């Protein structure tokens, strides 16, 4: 982005120092949106899919009516994720041009439009369209929150604050699942339309709440608003603007962005507008940035292919296949995200002490072993669960072992690593690409898992185990340690 374009945009945006903002509550408030858009959908959709009222209203998703029920269910579920993929590609331009705050506000509007369409959908096609539109907002928000937090958090707290992304998603999924469980016995279509509508609540709170907090100090420097940046940084660190630590961080931000601009100007002389925008996207895949991109996209890809959303989206179906009765499968499904929460809470406390790399390697190995054990039990006893109830419960137990390990490792890492590894100038587009990879992988999982469960049964667990072991190898050789380093210090790891 050129200085001229930033100056023009900065002229239309005023800096307001809000007396209510003290730097402390900003990240948690931003994270509230996650249980509104992503967590709530995860909690809602898995239970809605097996509701008789939903299947009657949308027979395309009824296994007793539609021969291609598996594909229809996966396609409808996955369209929100595909929309998320598109949203991630749109956000970087808005985030750099309008600011992280304004871009998040626009995303809330798009998300709520999709939620309204889903709630009122009269047929399958409209429901699919609503999920796609809502997904664009979801994808935009999914990268916006960690991007903003990574740019305002101090190095020693950044990991813990970024883990709030996962924490609030899990809390939202828990709340929404049990709310939906409470509506499942309501007569008529209100049983599933009410949970769809509740998705708008926390997203709307974000749209209003974000304006209580300042612009990112790094974005303000990119917009050539250096003094505003210093004021925000001073407020965030709760230190005077003249404090040596604040001055050092401020000058480090200015120098890093100035250096990246010099490099971009040298590599793309005379480029502006759409041409420059496309060239800057290309820079994310250039030789000097490629390793960062591989690390960020790799973590996002392996997070999805570890199999977490197979359980989140289709837990009632999976537990039924493990020999559980209908009502028991619903209760067990509601415990999935409680298992994640058990893992996420210690991760939030210790991620900056343990480091990212250890969690990536050992977390992947733990998940891979859990999947392997589940596959072995299912393959041995799955043909006759009624005669082997103990084996069925053992398989269920390892589902929870898996989700706790995920909550401790890759659940937080998908939000921390991409937001940390890119330099200031390429961060918006780099995070956008990484989260887009996550949504695309998530879409693939949403589409393929229902047919996989029907056709290869326990082979589904073998499939995910293989990717978990690949993730461990990838992390061991390629993932650097970024804990307790400033974003500018992390740049040196890739030089």
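Any Cβ shown, glycine's included, is placed from N, Cα and C.
Feature annotations, courtesy of TrEMBL:
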DOMAIN    27-483  domain 'Major facilitator superfamily (MFS) profile'
TRANSMEM  75-95  transmembrane segment
TRANSMEM  102-121  transmembrane segment
TRANSMEM  127-149  transmembrane segment
TRANSMEM  161-180  transmembrane segment
TRANSMEM  192-213  transmembrane segment
TRANSMEM  294-314  transmembrane segment
TRANSMEM  326-347  transmembrane segment
TRANSMEM  359-378  transmembrane segment
TRANSMEM  390-410  transmembrane segment
TRANSMEM  431-450  transmembrane segment
TRANSMEM  456-479  transmembrane segment
**Prompt:** Against which stretches of its own chain does the transmembrane segment (326-347) lie, if we need a Cβ under 8 Å and a gap of at least six residues from its ends?
**Reply:** 42-43, 46-47, 50, 163, 166-167, 170-171, 173-174, 177-178, 181, 184, 311-312, 315-316, 319-320, 359, 396, 399-400, 403-409, 411-412
**Prompt:** Looking at the transmembrane segment (390-410) and the transmembrane segment (431-450), are there 3+ C-beta pairs under 8 A, with each pair at least 6 apart in sequence?
**Reply:** no
**Item:** the transmembrane segment (127-149) touching the transmembrane segment (75-95) per 3+ Cβ pairs under 8 Å rule
**Value:** yes
**Message:** Do any residues, 6 or more residues outside the transmembrane segment (127-149), come within under 8 Å Cβ-to-Cβ of it, and if so which ones?
**Reply:** 27, 30-31, 33-34, 37-38, 41, 58, 75-77, 79-88, 90-92, 94-95, 100-101, 103-104, 106-119, 121, 158, 161-162, 164-165, 199, 203, 206, 216, 415-416, 418-419, 427-428, 431-432, 434-436, 438-439
**Item:** Averaged pLDDT, computed only over the residues in the domain 'Major facilitator superfamily (MFS) profile' (27-483)
**Value:** 88
